[in-house]
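See structure below.
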Amino acid sequence: MKTMRQKTPIKVFPRATPLSSRGNSGSSLPSDPVQVYCRVRPLPCESDLSCLRVTAPNTVVLTPPEIAINYKISNLKETQYIFKHVFEPSAGQHECYSTVAQPLVEALVRGKNGLLFTYGVTGSGKTYTMTGDMQHRGIMPRCLDALFRTIADFQAKKFIFKPDRLNGFDILSDADAALERQAELHSKLHRVRRKDTDPEIASKASVEPSELSGIDEDNIYSVFITYVEVYNNSVYDLLEESTIQKTLQSKMVREDANRNMFVHGVTEVEVKTMEEALEVFQIGQKRKRVGHTILNAESSRSHSVFTIRLVQAPVDNNGEHVVQDRNAVTVSQLSLVDLAGSERTNRTGNTGQRLREAGNINNSLMTLRTCLEILRENQMTGGNKKVPYRESKVTHLFKNYFDGEGHVRMIVCVNPRAEDYDETAQVMKFAEMTQDVQIARPTPVKVDVGLTPGRRKANQLYKVALSDIERRHGEVENKEIDLGLVYSLGPKFPEFKLSGPEAENLIQELIKTLENRILKRKSLVDDFDARQDTFRMNLHKIEKDNAALKSENVSIKGVLAQSRQKIKAMENKIVIYESSIDDLNRRNRTLEERVRELNAQLNTKTQQLNQKEIEKERQRKKYNSKIAVESEKMSRELELKLQEQKNKLKQEIDDKNERLMLVSKIISGQTPVKPVARSNSVDELATPVTSRTAGSKAFYTPRAARGVAVANPRHRRSRSTGERWLEHRAANPVPLGTIMQPYIPDRKSVTALNDAQDVTGAKASKYCLITQEADTEGELETKLFKGDIIPTTGGGAQVILNDVELLKQYSPTRSPAGAPPMAEVQGTRDSGNKKAKY
């Protein structure tokens, strides 16, 4: 059998470019938004009131509890949020994994990084989504199951790759790896295996087949896991062996040679099966800080980060051993982050240590939100504001992801109870903002060591064929074996000795064998020439097909270039349109907020006006009732006085008649003169009549004092001379224009009466006193007190007021109780109670 020799090509080891440096190369690189998914937790009780409903596969509507209870409230409204996908309460764990996490595991196998974190308030189902329980396994166990199913036939032996404690890996030889495995076995013999397991965390392999495609069969793989927590803004390693019975020591977050962030000195455990990985996870889970609160019996008091690191390196030309070059190693990682839930002290009632933990949790989540807001602002406006990653250990640890190191995805867990409406609204706003952040798309460098692709599979086929040849050659000995590819000249030469007596026969046999071998060689050469001609023809045909394919490839490349240019132009337009839409959305939100504020102010003002109208109406009714009572009282008083005056006048008239009768008797000489008391009847008759106004107020002129000349009752002015008025008004009256002005044809106006000559010298027969004042409703009213000027016996004059007029004006837009429907000036005369309109 002919031995097949292999030529070893020259090995070229290009140095891999760090992913983080490519992520910040500029805005020209393609980018993808942060994909945000929403998962709605089922209501604990069917009678609970829900504030959230799913209207489409990617849309939810958040309803305030006030609207859900009372649909008449108008200042509140429902809010709609759109996500990449929305998982309804009936969605299972496998659906969440296949939609969100499976693409990240496929990218992990291809050498790309990924970050998946769950976000939400406490008790919204974040830990259940990430870890699951015994019956419903979460995202983390399913990722491990899919990864180990995929690399099952391509795993390296343990300790081939060894962490260097600086975020890198060294490649050990087979001998060094064997020594490490022996040391580990020795340590396991002296270690007591713990039997206690946590059934809530221990999870078996998933029953759904989830093997992934796209694995490079020319590489060998190893899986390492790390498990840390961020508690009170300090990083702790949950897998550190030396601190099983001691307090955990905080770790530092540092930057490696390729500017990637990592936890310095963290424990990286190499695992070969899913069960081994979950056992290590249990150890860290028991050390994780969990506390009891009012809202959650087992509330996470820290942010946990479970990282799966996949190390891969190419095999050598024989397809058996790893290439001993550190630069050929590719490390990719998938970080699964279970963020602690935000809490409100007024709901949880935390105090002491729990209150401090809640404060640190809320501060770290606020820093995460601030970093994402500044990133979005820089991307939209082209600014260069510094992102405060270092203010929190969580954001500092994942700085490279947001700078373009890998894919970033988030699952927003929501509790739809109406009691959690305020917290849910804040979570929704943060998720909506996160979707606007663009992450640069990483392009990992493919490590090329200059070896032929498919060498591992070819080596396996060669070994199978070789073992088959040996097996068949052992079964059929001394027979010609024709495998099509291996040429043979016949059986072995027979054993012989030329010194024996049978040398002659042996020589003849040898000659005959050599002749057969020569004939066999000739036939083999002819067959080889025929095969060579056939191969040459096939090769020529392949070359022609290759040339045709090359020309077709060139044309396809041209079409592809045009398509890419069109796609790039469309992407630029989409970016412009999206930015415009974002601006319009922001303006719309601002205007809606302004409209809400104005509506609230309008409602407040309307309520105040209504309250004032009600108060004004109440005061009007109150004063109207008072006026009615006073009017009635005054009417009764006036009637009593009038009756008294009538009785008094009747008595005086009777006295006068009696006196006149006595005087007539004395004159006739019938009866002697009787002394009679002198009466002031003339003065009493000169007393002016009491006047009554429209407001039922009494205006009267007092009688003249004793010793002053009274009016001349016999005075009679000639009617032919006409009437002349003396108009007495204030010095500075309120200007009223042409309305509410009394018409007096012949008058003399004065502003003061200081001397009797002011009345007697004017030769006036009528007197008019004009006053202006405000009524009870604040309206201006003008009163005219009119009377006669009568000369007295002493040469003076006396004014007897006998008429009062009241002038008012009402607005046509306001009609108070008892007012005329149109604007008018109304005068009320007390003499005869007549009303005159002007």
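Backbone N, Cα and C atoms are what each Cβ position is placed from, and that goes for glycine too.
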Stated TrEMBL location of region 'Disordered', expressed as one of 1-31, 187-217, 621-651: 1-31
The annotated region 'Disordered' range in TrEMBL, which must be one of 335-362, 811-838: 811-838
Binding-site residues compared (Gly120, Gly123, Gly125) - the one with the fewest other Cβ atoms within 10 Å: Gly125
Across the coiled coil (560-659), average pLDDT on the 0 to 100 scale: 91
Neighbour count (Cβ, 10 Å) for Thr122 (ATP binding site): 23
